[in-house]
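> There's a structure below that I have some questions on.
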Amino acid sequence: MPTMGAEMNTRNMRYILLTGLLPMASAFGETALQCAALTDNVTRLACYDRIFAAQLPSSAGQEGQESKAVLNLTETVRSSLDKGEAVIVVEKGGDALPADSAGETADIYTPLSLMYDLDKNDLRGLLGVREHNPMYLMPLWYNNSPNYAPGSPTRGTTVQEKFGQQKRAETKLQVSFKSKIAEDLFKTRADLWFGYTQRSDWQIYNQGRKSAPFRNTDYKPEIFLTQPVKADLPFGGRLRMLGAGFVHQSNGQSRPESRSWNRIYAMAGMEWGKLTVIPRVWVRAFDQSGDKNDNPDIADYMGYGDVKLQYRLNDRQNVYSVLRYNPKTGYGAIEAAYTFPIKGKLKGVVRGFHGYGESLIDYNHKQNGIGIGLMFNDLDGI
């Protein structure tokens, strides 16, 4: 039977523990709330990583926060040239989370890094749904030059009411996502992804005999590989990623409306401070020839590559653009957009387009368009 002295000691011990732990818990909670209040995804992730890593044992913390190995491109090329054979130099990064500043940590988790897991594998693991291309709903899109009679060299001219009677104003929506299907492949720690993008043009303001038809829908599945790399670029830039993939794009229609093409592409991811640049080059592949090809001249208008640019104005405002140009034909396109916060995770977007190829059915038709709509936070893509 415990004595009165033993009971007193137990109570004193509980009191000491409570008085010591409660302030710690309060401080920890306040710090976590400060992280939650951050609107910028990059800075918020860095804040959470820093405070929660501090609660782990030293060995677990170091293991969990160790940065992902990257291919040192400069040393790989230099060593391969010196030895006369292929030499892969993979650089194991140090601590990915500096303990002194969330701002310094945020410099590591850039939008490009988060999009493609260049510095750290995402906790959602394989097969998780991730952002890919911009995902938006534009209730109002105005096109100054509708394509009333779309055509191609092998399919002739399409004469249908949904094209001939279309209005200049319509609704545009795009859904896009990607999922990692394999990670840390080969000695270079590459990742394999599946992506899907679907864009629709809806004649919602056209209340004719065919009430509010979908004028066109493009489907674009793709599979691609990304490789984290490290190399310096002029003017303080950094080469962060190399990649390659295969993409199929079609509108799912029968002749004469059918449009489709397949491409193999190579890409790179580069950063200059708040500016992210992703150039791509492509070639047509596995397409049918002759009269079996829906659009044999599509490369004349869509070119052989594009350049994506994104610039972070501040925590929640971005501008981005996509540029295409074929120097041989002089045809191309420019897309530009501005995203801004509305409330919570909801963003607004203003988007403009000039040139050829706003959709597959319009690949050889020049037009100008502008629209305004909504975009969910984290789904503005790059």
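Note: Cβ is positioned from N, Cα and C throughout, glycine not excepted.
From Swiss-Prot, here are the annotated features:
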ACT_SITE  HIS248  active site, proton acceptor
ACT_SITE  SER250  active site, nucleophile
BINDING   SER211  Ca(2+) 1 binding site
BINDING   SER258  Ca(2+) 2 binding site
SIGNAL    1-27  signal peptide
TRANSMEM  66-78  transmembrane segment
TRANSMEM  169-183  transmembrane segment
TRANSMEM  190-202  transmembrane segment
TRANSMEM  214-233  transmembrane segment
TRANSMEM  237-250  transmembrane segment
TRANSMEM  260-272  transmembrane segment
TRANSMEM  275-284  transmembrane segment
TRANSMEM  307-313  transmembrane segment
TRANSMEM  316-325  transmembrane segment
TRANSMEM  333-341  transmembrane segment
TRANSMEM  347-356  transmembrane segment
TRANSMEM  366-377  transmembrane segment
> If you measure the residue listed as 'Ca(2+) 1 binding site' to the residue listed as 'Ca(2+) 2 binding site' at Cα, how many Å is it?
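Their Cα atoms are separated by 22 Å.
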> Express the distance between the Cα positions of SER258 (Ca(2+) 2 binding site) and SER250 (active site, nucleophile) as a whole number of Å.
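The separation of the Cα atoms works out to 8 Å.
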> Out of these recorded positions, SER211, SER250, which one has the fewest other C-beta atoms within 10 Å of its own C-beta?
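Output over recorded positions SER211, SER250: least Cβ neighbours within 10 Å is SER211.
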> Among the recorded stretches 169-183, 214-233, 237-250, 275-284, 366-377, which has the greatest number of Cβ pairs closer than 8 Å to the transmembrane segment (66-78)?
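Of the candidates 169-183, 214-233, 237-250, 275-284, 366-377, 214-233 scores highest.
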> Which of the three DSSP-derived classes (helix, strand, coil) applies to the residue listed as 'Ca(2+) 1 binding site'?
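The three-state answer is coil.
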> Return one of helix, strand or coil for SER258 (Ca(2+) 2 binding site), based on DSSP.
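Once the DSSP labels are grouped into three classes, SER258 (Ca(2+) 2 binding site) ends up as coil.
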> With the transmembrane segment (169-183) as the reference, which stretch in 190-202, 237-250, 275-284 has the largest tally of C-beta pairs below 8 Å?
190-202
> Quick one: give me the count of other CB atoms within 10 A of the CB of SER258 (Ca(2+) 2 binding site).
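Counting Cβ neighbours of SER258 (Ca(2+) 2 binding site) within 10 Å gives 18.
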> Which range wins on Cβ pairs under 8 Å with the transmembrane segment (260-272): 190-202, 214-233, 237-250, 366-377?
237-250
